[in-house]
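As recorded in TrEMBL, the features of this protein are as follows:
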DOMAIN    516-651  domain 'STAS'
TRANSMEM  91-112  transmembrane segment
TRANSMEM  124-151  transmembrane segment
TRANSMEM  195-218  transmembrane segment
TRANSMEM  272-290  transmembrane segment
TRANSMEM  302-321  transmembrane segment
TRANSMEM  351-370  transmembrane segment
TRANSMEM  421-443  transmembrane segment
TRANSMEM  450-471  transmembrane segment
Amino acid sequence: MTHLSSINEQIESDPNDEFCSTQEDSYRNLRLQSFVDRYGIEEEQISSIDRAKRYVRKKYSSLTIECCLNAFLNKIPLIRCLYEYNIRKNLFGDIMAGITIAIMHIPQGMAYGTLTTLPPVHGLYISFFPVILYMIFGTSPHLSIGTFAVISLMTAQAIDSVSLQPMNLIMSNESISNATDSLIIDTKVNIATTLALLVGLIQILLSFLRLGFLTVYLTEPFISGFTTGAAFHVFTSQIPSVFGLKSPRGVHGPFKLLRIYIKIFRSLFSNINWISTTVAFISIIVLYIAKYFNDRYKSKIRIILPSELLLIIVGTTISHFTQFHSTYGVSVVGEIKRGLPPPSLPSFNNANQLIVPAITIAAVSLSISISMAKTLSRKHSYKVSSNQELLAYGMANGISSFFQCYPSAGSLSRSVVQEGSGGKTVLVNGFSSLLLGSVLIALTPLFRSLPMACLAAIIIILWTMTFVSVVLFDVDIGLYVGICTSFIINTVRTQKPRFFILGQVDNTGIYKSTTYFPSVQQYSNIKILRFDESLYACNAPFFKRKFYDLIGIQLTQQPIISSGKNKNNNNNQKKLMYTYVILECSPFNYIDTVGVKLLIHIFNDLKKRGITLYLSECRYEVRHTLDSMKFYEKTEFHIIYVTTHDAVMSAVKALNDGSI
């Protein structure tokens, strides 16, 4: 203190400003050092090996047979669903939703099956086998797994990249006359099943490596831009079927769409089939009218008109009795195999050529599916695990590949209907598969006269509402550019920042981390937290998990097999709950819409638990975003304080006299 006093005297008496500035800086540094010496703690220096040993001991010290068994059971969410199933509350809604989704699966499966250049029945296989497997391993009761247009189109590109040159050689060599359509189809099916197996293995590997967190970099704007851009490729692929033309082949790379349209226009006027064109346009008009009435009266009538299925039934009937194919040359579906395919091991002859397409499809399918699952989970307040979803998608694709299936993914249109039709649990997928399996076993031959123009009309209707993102480039190029850009912008550094518990330094208004300043004071019913990074989409899952962990609330589900010790832990958790939680937001340079929605969700969740959330030291940019997102209307107006000390004093006063 004598040295500090002498410095002060020198500062006051010395007229030299430069000297004063130097002495002031020295004084500040000395004050900071004395503050750290008095209240701080020196971090222990340990080697990397000792740090790893400490982590292993902490992680596995409480490992028991019960924990291992519960961990295994948690990998099969269907067991928990059956264990907790409420028949009176959920059964009717699940059955009705299952029937509704099965009705959608039939036309969409056949339509999207044609996108892959495979027979339409393979689209029905996708609507059956992966759905059952997702019911066993999946966590979202509203996500509808099966055919998806973008994945079907990417599968077609992968098939063409492998089989295009050999097939061209066979078809162009006139001396080889035994090259039949069945040989070409078998080759394509082998390629598609190998692709599905590789996609499944990649997704399972990501799950076991616990790399589900990587999906946070595939943000909603990126997914929306990619899928809407890819929709133009889907739309373009159906133009030849509408006009009864042969689809252009061998067109890849940048400006693919422009080159395809040039080829289509060159053959349009000489090869157009007017009957096929008429069927397609009538189908489009009928579907638009049906969609209009479904949207207008969906609030009054819970049952949605299955316009696509009705179109298939009517189109097949008319085509059969008027002999569209033999009389007018209209392309039809043709013979469809009855029953379920026997299991067979996919061929690995072309595996090396399919690695890159498999990685691309795996990334697209999991990002689209997980983004939809998480959107629905936020709406209905249940938890979706990214790693478990990865396992579910991997099992669905990997095992289904043994039954002539190509890669599958979640569908937005079916998921919205599954949610709106009353589905409550993953058993919706089981009821849907029962109905679809009956169709595969008994009714598939009836669809052989279905005009391809009807299927093209269904796809065009489903993908009319689109937005230009990767129109000028091929689908896979657009994906790579999007992923690289998204990954660069959302750096790894901000995903898991430090999250501290703060305490008061003596009786001052200064609050420091209890980790580095263990002598700070903490209030018994007040928890003060600080998140050392801006809050946005990429670190929002980590923020939520760590936030609840620091205030003593466990978001994990109750174990299926529990003991008395677990019950005691639950009771201890209730005792640790605080009355007030204060989040210091001074490190927040900005907050995005996902972060605001998360704070709103946390505030309302804590309110239900009898806990009040305060925010403190919010910057102007953060307050502006909160205001634009109507944060105060969805929470309470007086929960943001200028300083952390103000928030603490307000909470103390409320605890003392029961009013704020």
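In case you wondered, yes, glycine gets a Cβ from its N, Cα and C as well.
Within the domain 'STAS' (516-651), the DSSP-based counts of helix, strand and coil residues read 61 helix, 21 strand, 54 coil. Same-chain residues lying 6 or more positions outside the transmembrane segment (91-112) and placing a CB less than 8 Å from one of its CB atoms are 120-121, 123-124, 126-127, 131, 144, 146-149, 152, 303-304, 306, 308-309, 311-312, 333, 411, 413-414, 417-418, 421-425, 427-436, 439, 447, 450, 455-456, 458-459, 462.
For the domain 'STAS' (516-651), the predicted model reports an average pLDDT of 84. Away from its own ends, the transmembrane segment (421-443) comes close to residues 77-78, 81, 85, 89-90, 92-103, 105-106, 121, 124-125, 127-128, 131-132, 134-135, 138-142, 144-145, 302, 304, 338-340 of its chain (Cβ-Cβ under 8 Å, at least six residues beyond either end).
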